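S.K.: Just dropping this structure here.
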Amino acid sequence: MRRSKAYGERYLASVQGSAPSPGKKLRGFYFAKLYYEAKEYDLAKKYVCTYLSVQERDPRAHRFLGLLYELEENTEKAVECYRRSLELNPPQKDLVLKIAELLCKNDVTDGRAKYWVERAAKLFPGSPAIYKLKEHLLDCEGEDGWNKLFDWIQSELYVRPDDVHMNIRLVELYRSNKRLKDAVARCHEAERNIALRSSLEWNSCVVQTLKEYLESLQCLESDKSDWRATNTDLLLAYANLMLLTLSTRDVQESRELLESFDSALQSAKSSLGGNDELSATFLEMKGHFYMHAGSLLLKMGQHGNNVQWQALSELAALCYVIAFQVPRPKIKLIKGEAGQNLLEMMACDRLSQSGHMLLNLSRGKQDFLKEVVETFANKSGQSVLYNALFSSQSSKDTSFLGSDDIGNIDVQEPELEDLARYDVGAIQAHNGSLQHLTWLGLQWNSLPALPGIRKWLKQLFHHLPQETSRLETNAPESICILDLEVFLLGVVYTSHLQLKEKCNSHHSSYQPLCLPLPVCKRLCTERQKSWWDAVCTLIHRKAVPGNSAELRLVVQHEINTLRAQEKHGLQPALLVHWAKCLQKMGRGLNSSYDQQEYIGRSVHYWKKVLPLLKIIKKNSIPEPIDPLFKHFHSVDIQASEIVEYEEDAHITFAILDAVHGNIEDAVTAFESIKSVVSYWNLALIFHRKAEDIENDAVFPEEQEECKNYLRKTRDYLIKIIDDSDSNLSVVKKLPVPLESVKEMLKSVMQELEDYSEGGPLYKNGSLRNADSEIKHSTPSPTKYSLSPSKSYKYSPKTPPRWAEDQNSLRKMICQEVKAITKLNSSKSASRHRWPTENYGPDSVPDGYQGSQTFHGAPLTVATTGPSVYYSQSPAYNSQYLLRPAANVTPTKGSSNTEFKSTKEGFSIAVSADGFKFGISEPGNQEKKSEKPLENDTGFQAQDISGQKNGRGVIFGQTSSTFTFADVAKSTSGEGFQFGKKDPNFKGFSGAGEKLFSSQCGKMANKANTSGDFEKDDDACKTEDSDDIHFEPVVQMPEKVELVTGEEGEKVLYSQGVKLFRFDAEISQWKERGLGNLKILKNEVNGKPRMLMRRDQVLKVCANHWITTTMNLKPLSGSDRAWMWLASDFSDGDAKLERLAAQFKTPELAEEFKQKFEECQRLLLDIPLQTPHKLVDTGRAAKLIQRAEEMKSGLKDFKTFLTNDQTKVTEEENKGSGTGAAGASDTTIKPNPENTGPTLEWDNYDLREDALDDNVSSSSVHDSPLASSPVRKNIFRFDESTTGFNFSFKSALSLSKSPAKLNQSGTSVGTDEESDVTQEEERDGQYFEPVVPLPDLVEVSSGEENEQVVFSHMAELYRYDKDVGQWKERGIGDIKILQNYDNKQVRIVMRRDQVLKLCANHRITPDMSLQNMKGTERVWVWTACDFADGERKVEHLAVRFKLQDVADSFKKIFDEAKTAQEKDSLITPHVSRSSTPRESPCGKIAVAVLEETTRERTDVIQGDDVADAASEVEVSSTSETTTKAVVSPPKFVFGSESVKRIFSSEKSNPFAFGNSSATGSLFGFSFNAPLKSNDSETSSVAQSGSESKVEPKKCELSKNSDIEQSSDSKVKNLSASFPMEESSINYTFKTPEKEPPLWHAEFTKEELVQKLSSTTKSADQLNGLLRETEATSAVLMEQIKLLKSEIRRLERNQEESAANVEHLKNVLLQFIFLKPGSERESLLPVINTMLQLSPEEKGKLAAVAQGLQETSIPKKK
């Protein structure tokens, strides 16, 4: 409150008495403020000066003192105080503006004023105050200043064209300097600016300027065209100004402006003539004048007291009638924004508003408009209207309103269809204003039809999708048309309820519920308007720089509410309203895709409503404080209405099932609901089924099925009529009028009569053949099609979206048909006509597009069938129940012609049961007449196959040529037709003999009894008349069903969550993915498991069983997350993981916990499949010990491979060997055309039961792709005291039978605990591919002719100049590549996984790498990059993980520039650190083995190396060329140990697979040149006969100490070489020491021979090294399999622990349950788990029945 002087003095006296002297001065600032409030400025100034004497640097005191000086008008001192305060506290921007204003007032010529104004302009750009100051300064400079002011305004307008004040000031400058033409020109330029057109000040300025221009002498002296154009602009400006004045000003100002508008119309009326722009504009402005007059009358009633609403509403109705009957302009001369006709938009707006107001005023009043016209459409009524609008002082005769002729108007009520069309045009005129959209929605809210909100939004947002797949997100990018439509429905709904509440309190019967748009108050809240404006700004990308982030937050905040996510705070009644409106709108749409989206969103809201309905039963829903949509208690859902709403929800769910094609589910759901709506839907479904069967009904069983469906349809229709008779209220629930139901019943009864004997569908006691008269696919126009207006309209269903854009193709087909018709003009008159219909002489109503079937579009059919164009039956108006997207629409006639091309859009008749290509069902074939019969009309199809099924069409049994000539001759009985009957249509007889011919290849005639389709790629080949033919690059395989592994499981729970896993290494949670967490129950064994896949990529991120030992624990700090411990298989192998799932709400988290515990309870009722023993035998420890022994053996094997002094001697093996692998031989089949080895592996099963199996095996040469049964086990372990023996064996049975394998001496393990028989626990199973892959197509990356000089993983960035920061471009391998031909070097980088280019440019001499500041691992350079396909200068930066890699990149980069200049190749980075190697092939295997045996290389240190000798059986064939099929080898751990592999004893050879020939090493053979008698090498020639190779011995020595292992047998895969003799000895012998080459003299022939021999030996040695390399890789694979076996054993132990827990729970249940059936139900589980004897089972059964007591020990 304001203080008085007395109060200040009292307070001052009290303080001065108690405070010391310095304290008094410090409190002076406060005293000064007290005196300032008391307006004692002198005392205030005194005390503030006292305060400043002790506190001189206080900016507040200086500012306060400046204010006091300003009040005294002491400008100089005030400026000085303000300046000092600004120095002490610079952020005070307002002081800069204050100083500039004071200086401009004091002395404009002072230079300081200009300085401070410029300084303020930088701080406040675009401020009107700055503009006034600058204008004041420039005005004082005279003409020069005026020019500067003009230039400055022009420059400012260039930056801010929407600035209203600047535009007005510029026009005023023109007017003040008498430059009226320039002022008018400026008004013309600004007319396109929407911001200016919506400004009242700007429109007032335009009207004044145009009026001055018209009154000026200059204008009168100019030509008449200029005057007429200016008059046109003036009338348009008046209309716009009138609209804005009605919205923002009072009644008096609106009256004055309307009178001025009247004068302008009267002035222009005298100059009318002709059909020019002025005449058209005048006529349109006349309509706007009367419309605004009616709005002004209602505004008078809104603001007046004691208003006679009846009189005002009648006069307003007269004005609206006149405005509505003014015709729309016929010329388009004035072009507005985006090419839209300005007059056209204004006319649509006028007709829309006037029409709606007429319906609004006449609602509930019969003949209201007729009475108004009769009463006031005359001279007396015109006088009453004039007096009501204008003052009595003005002359009536000189006004437009008083002299206009209104006596010839008619009573014309607006049609709803016309209003809907006008509304769409008016939307554009108002630029998507939310006030206008809400007003239109309110008008339609009281009409029987739904508002066309979808069309309005499509008009405003052309490219916005209709629905989003990401309903759970709130990202602004996911916004769609349905979101905006729901928003508008909500705004209209709440506005309507608010208006209704106001009208109930005080409302006259003549007062309209909703006033005209310019007059009515704001219909939406500020929060709703701000959200709508933010959405429009973001979608149209008109956001001010720096403001888009704020707009995104505004949009994002409300999307959750619109989608009813999380805590939406919506009233349940609004959710119900949304669900019902969306369902009703979706039902009236033509496209099945639109129906799915609308009804799907309706289902989404119903699912949100149902939980709220349960809460309503208990208590009411709390109302939020500031909701987006206000709650109205008048529409709160009552408990008595809950059942009805639940029923509506389930009906909507069933409708969605029908739309998606799940007809059976929909029928089941509808049958469970007893209401007329479900009866109606069931009647439609069954009638559609009957119609589908009727199309192809040939056999009696089909006829009977059709009759059954018709009977069901009849029964449901009768139920509807009966319920309606007993309760009239149910009629309102029907989606169609009751008359339509009766009409449909009558038609169904007629169809049932037709099926009776003697009916028109019968001929000679049986159903008429298709040759005779049948129903055409075009139904009667009176049949059943739903429309939103609840009346039957005949409108065929539109094709899917992907086919809706083929208008050009359809036009082309029409042109072809016209051309064919012209060719047929010389033929005789066609006998084709429409077949006789059973519908009677019903006429086709207007709007029925009979030619729609001719332009049929491809519909969605079964995924395994080919794409064919189908005719959509127009029997129903795309009713959601009648034609789901997954089914095919049949026509009412069987199809006779095979269509080959899908591009031509022809329709084909197909039953709903699908297609059968090239096959037929036995017993359903009927031979047809080969002679073509007469056709009635149009275009029909002829069955080429000659076979027809009752449910489908069989294609491709014979070959034929399809032409239009055949079409013209096709029969009427089996065909279908296009379009409606045209008496002038001559048909296609004899036309197009060779046009569009198709040649069909032969197909197999035999039926496939197994039910599989036999495909033939050459079944149909099209001969294109334009010689344009495209071969597919890759032949796509046959479509197969997608297998996810979840087929045999039932989904018990599914919810979207965010999954985390705990990383123990860094001790923190890591996000694993977003997706749906499912709990699946196996239908076979009943086990539940948890599965989760990531969204979009569908990668498994959780996959584990649910066990009884798992516990859910809440995550600390959150009530929406649970964590648990599980053995997870998401990465393929079992891994113990700590997982956590975060849910959206605590309710969802609690629901998950309940479902989880329910699954654990289910586990108690599941008996174990395989009881496991609970004794730990230490088997895992033994396995680990054997693995260590194997590593030790591999170390010796590595030493053997690296021996560079290998010598081979020729010795005979006299023993035939009966060891582990002695009975298993290797077959070698030489091939003259194949120089590589042809390998064949024996089958070696690893279990006794597999050895006894009688599955026969075949040679790989007989069946290269033959598959073998999947083995039940891979590993067998046996205990041994001497070591172990391992051999490579194939999983495929290729050449040996299991009977042979039984003769082998291989030791097979017999440990009981190793015999695991559960199929799901096998490792290494083999699966046949589900989809056969096409031939491999070479992928060209563009890097083929380039060497990789540098390659390393890095992160690439580019500099964005617009935002001034670095942006990440991708992570991947950055490469430096050099072209082999031109030596050019470039940098290429692709992103990981997606392989998208993110860098691609040449390295030029002027490029240089520079370090980024702050790090030495980042290099920066500038280049002309082509990563996006176009040349673009980019500033790039690459970051490496290690410093040495970054340095290497810099080094190679610099070398690349030098190499380009010298035209030389660069040494690749990867090979620089490598040293020259003698044997480049074998070292890789050594490195792998070295890594494997690194831990135990110190165990064996001797120099002994095992020698190997083996025996081989060679069988040669000379004709067939074969390919080897090698299956993955397996390990067999038998009864022998390391001694049998690497020992020097002869009795323990190295058994490694099959017996091997001399020259075969470790199972891979190499053949040395044959030894002749003189010990010289000779070549090997081919022999056509089979030959046995005798076993030989192979010796390997080191440092001349040769230890032989004569009995060592090796199973070998031998290379196929040509043979010359039937028995050949393969030997390698160490050559005797020869003198060096330079000590001996040789002839030329000897040198050539030795060179040839050396070359062959080197080639063979390289082959050996390559094979050893492959061997080492196989060994690594076996070690991997061993580890997998160990992991499997660990899993068994985990499951055993779970079994113990399960047994404990079962026994506890048994003990505490009462004797009887409950106990007996647990007996099988206990018997199985404990493996009780018969005697023990009997005792337990007695206990269960209560015959014997059991004692429970009690604790003491």
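Each residue, glycine too, has its Cβ placed from N, Cα and C.
Reproduced below are the annotations present in Swiss-Prot:
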type: COMPBIAS; residues: 777-796; note: compositional bias 'Low complexity'
type: COMPBIAS; residues: 1228-1237; note: compositional bias 'Polar residues'
type: COMPBIAS; residues: 1310-1322; note: compositional bias 'Acidic residues'
type: COMPBIAS; residues: 1573-1586; note: compositional bias 'Polar residues'
type: COMPBIAS; residues: 1587-1610; note: compositional bias 'Basic and acidic residues'
type: DOMAIN; residues: 1029-1165; note: domain 'RanBD1 1'
type: DOMAIN; residues: 1326-1462; note: domain 'RanBD1 2'
type: DOMAIN; residues: 1693-1743; note: domain 'GRIP'
type: MOD_RES; residues: Ser21; note: phosphoserine
type: REPEAT; residues: 59-92; note: repeat 'TPR 1'
type: REPEAT; residues: 583-616; note: repeat 'TPR 2'
type: REPEAT; residues: 647-680; note: repeat 'TPR 3'
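Show me how these features fit into the shown structure, please.
M.R.: With DSSP classes pooled into helix, strand and coil, the tally for the domain 'RanBD1 2' (1326-1462) is 20 helix, 60 strand, 57 coil.
As a summary of secondary structure, the domain 'GRIP' (1693-1743) carries 43 helix, 0 strand, 8 coil according to DSSP.
Cβ atoms under 8 Å from those of the repeat 'TPR 1' (59-92) belong to residues 29, 32-33, 36, 41, 44-45, 48-49, 51-52, 98-99, 102-103, 105-106 of the same chain, restricted to positions at least 6 beyond its ends.
Across the repeat 'TPR 2' (583-616), DSSP assigns 30 helix, 0 strand, 4 coil.
Helix, strand and coil counts under DSSP for the repeat 'TPR 3' (647-680) come to 27 helix, 0 strand, 7 coil.
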S.K.: At a C-beta cut-off of under 8 Å, are there same-chain residues at least 6 beyond the repeat 'TPR 3' (647-680) that contact it? List them, or none.
M.R.: 576, 579-580, 583, 587, 592, 595-596, 599-600, 602-603, 606-607, 609-610, 716-717, 719-720, 723-724, 730-731, 733-736, 741, 880-881, 884-887
S.K.: Would you list the DSSP helix, strand and coil counts for the residues of the repeat 'TPR 1' (59-92)?
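M.R.: Residue counts in helix, strand and coil order: 27 helix, 0 strand, 7 coil.
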S.K.: Using DSSP, what is the helix/strand/coil residue split across the domain 'RanBD1 1' (1029-1165)?
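M.R.: Grouping H, G, I as helix and E, B as strand yields 18 helix, 61 strand, 58 coil.
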